Amino acid sequence: MNQWEELQESVGFDFQNVELLQQAFTHSSYVNEHRRENVKDNERLEFLGDAVLELTVSDYLFNKYPDMAEGHMTKMRAAIVCEPSLVEFAEAVHFSKYVRLGKGEEKAGGRTRPALLADVFESFIGALYLDNGIDKVVKFLERVIFPKIDAGAYLQTVDYKTQLQEIVQRDRDVLIEYDILGETGPAHNKAFDAQVIVNGQVLGKGSGRTKKQAEQSAAQFAINQLTHR
């Protein structure tokens, strides 16, 4: 089994055009050193993969969070498709071992360079889309990205207090108040408890290491209550 057969087995998809898969993992430095081989670098596939990734992640967020405001979905998507996240995804599926680099780039540590790994992940998405279609891209993301979204890995990018305000004020003017109920623990490791009150009714309680975190936690609880009635 060669490395490209191994890679296809690893990702769970067979490529009709294996050259497309190889191109996705070909850095421009490799092309510069192998001009006689008529190989192409992955930059065009990266361009396409970036767009496909934005679309598929946007679609997933749109359906998973039906009450989330556009601004919050935009922030969450940005956190998912940013370079550090893409590097994490690429490392999870061991993409670095398959990258084709020029000797100079290899010596310079290119195989572990974050920007390069992020680009490779996007170019793979582009190649997978061209060869297998959007449905197979979604299946791949269901293994690599969507479980992290489901686990709440990117919810810290969301301002729950603002989101709660947008939800409850859609149809009427309301008064939203936050109360700090108390604090526990020693001075160096305190925890605060908070509650959110909407028009005199307690909708949520939460705790956190700071007063702001406790209020955000209370707002998140209130949102869950409102959206799962």
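Along the chain as shown, the residues are counted starting at 1.
Glycine is no exception: its Cβ is also placed from the backbone N, Cα and C atoms.
For reference, Swiss-Prot has these:
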type	residues	note
DOMAIN	4-133	domain 'RNase III'
BINDING	Glu46, Asp119, Glu122	Mg(2+) binding site
ACT_SITE	Asp50	active site
ACT_SITE	Glu122	active site
DOMAIN	159-228	domain 'DRBM'
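The two recorded residues Asp119 (Mg(2+) binding site) and Asp50 (active site) have their Cα atoms spaced 9 Å from each other. Residues Glu46, Asp119, Glu122 make up the record's Mg(2+) site, and a Cβ search at 8 Å around their centroid adds Asn42, Glu43, Leu45, Phe47, Gly49, Asp50, Ala118, Val120, Phe121, Ser123, Gly126 from the same chain. Cα to Cα, Asp50 (active site) and Glu122 (Mg(2+) binding site) are separated by 5 Å.
Classification of Asp119 (Mg(2+) binding site) by DSSP places it within a helix. The residues of the domain 'DRBM' (159-228), classed with DSSP into helix (H, G, I), strand (E, B) and coil, number 29 helix, 25 strand, 16 coil. Cβ contacts within 10 Å of Glu46 (Mg(2+) binding site), excluding its own Cβ and spanning all protein chains shown: 20. Residues belonging to the domain 'DRBM' (159-228) score a mean pLDDT of 84 in the model.
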